[in-house]
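> One structure is given below, represented as structure tokens, and several questions about it will come after.
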């Protein structure tokens, strides 16, 4: 048995090292790609300072802004379908007797939501106050990550399955961007994807932080009395957890308005899935390859990317709940050992009890969760499942309505 434990330690260390590299590469790739695209579309005033390794507010060159604005205006004017896209937002008002009224109505609602969400995203990214808040939150995350590394060493990726799901989601997001025939929904998907990518990178770091604290409590708190260094690190980690909880509350202020846009995607989802169902079951003159090609290039990206994004956030939320419950359990076990601690350091016991009380209050008053639409709506897997079934049922209802009224989309 001792031989087995001796073999397990290097295996665990090598796995931890590999997961540490994977976390660093994945988070760095997500953040750098998002940053390059953000700087490329010339919005906002955020910039990374490589010397101090933090984000700063740096106004863009006036000529860069003017040239970028001119190119954006020319691109919109050059887009032949741009006027047609704007007209589709008000078309049902003037054609209420048309056979395609239902299709036009669904299309108009989707267009109106897309225009509204794009305007909101663009205004936020150009707002100086929003930029400052975003920069402060990013720097808080960088600072917390550095503090935890200094105490626990390199952090490890908590869940490879979440990273795989993110990669699959990213591929369908790219396909969704390509599927859009108009420029405005492409811009909306791009800007929304930028913010969601940064939030996913934060979720990966957040999970790695809590997992590292759990591992420290699991492997560094033996049955015998903890040494002075372990007790000092335990108190530091509890203080850092309090900071993590406070930073997460600040991040939610920026995230909730964006999360509401994820829910508003249900209109586009219903439209895309109703077309997918129609093409699969009712276009019998088309071959399987023709159906698949049409669905793939027009509706598949928009039908799967928002669902996978919601599922990803829900899985992250459920993992956070599980890890915080485990952390609470481990702190309870440490609390039960206070009879041993009292023989060592009465000051440690008083500080630990105070920090544990703070932890219990934060866990109940402001738990680390992923909310959507409001602070009272938690975005876990049950919500993601409800979102999926709501999409499917409404899509089937749309198809039934079209069949009952003999509405043809050809």
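Positions of Cβ are set from backbone N, Cα and C atoms, glycine also.
Annotation comment: Swiss-Prot describes 1-17, 94-149, 211-249, 315-378 as topological domain 'Cytoplasmic', evidence class similarity to another entry. Taken from Swiss-Prot, the feature transmembrane segment covers 18-38, 73-93, 150-170, 190-210, 250-270, 294-314, 379-399. What Swiss-Prot records for 39-72, 171-189, 271-293, 400-410 is topological domain 'Extracellular'. According to Swiss-Prot, the feature N-linked glycosylation site maps to 272, an assignment based on sequence analysis.
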> What count of other C-beta atoms do you get within 10 angstroms of the C-beta of residue 272 (N-linked glycosylation site), across all chains shown?
26
> Counting Cβ pairs under 8 Å to the transmembrane segment (18-38), which of 150-170, 190-210, 250-270, 294-314, 379-399 comes out on top?
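Most Cβ pairs under 8 Å with the transmembrane segment (18-38) come from 190-210.
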> Using DSSP, what's the helix, strand and coil tally for the topological domain 'Cytoplasmic' (94-149)?
49 helix, 0 strand, 7 coil
> What stretch of 150-170, 190-210, 379-399 shows the most Cβ pairs under 8 Å to the transmembrane segment (250-270)?
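Stretch with maximum Cβ contacts: 379-399.
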> Under an 8 Å Cβ to Cβ limit, what residues of the same chain, 6 or more beyond the ends of the topological domain 'Extracellular' (171-189), are close to it?
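Counting only partners 6 or more residues beyond its ends, the topological domain 'Extracellular' (171-189) has Cβ contacts under 8 Å with 75-76, 79, 81-82, 85, 111, 114-115, 117-118, 121-122, 296-302, 304-305, 308-309.
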> Kindly state the mean pLDDT of the topological domain 'Extracellular' (400-410) in the predicted structure.
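Mean per-residue confidence for the topological domain 'Extracellular' (400-410): 71 out of 100.
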> With a Cβ cut-off under 8 Å, give me the same-chain residues at least six positions beyond the ends of the topological domain 'Extracellular' (39-72) that come close to it.
122, 125-126, 128, 131-132, 134-135, 138-139, 142, 190-191
> Kindly report the helix/strand/coil residue split of the topological domain 'Cytoplasmic' (315-378) according to DSSP, in that order.
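Each residue of the topological domain 'Cytoplasmic' (315-378) counted once, the result is 46 helix, 7 strand, 11 coil.
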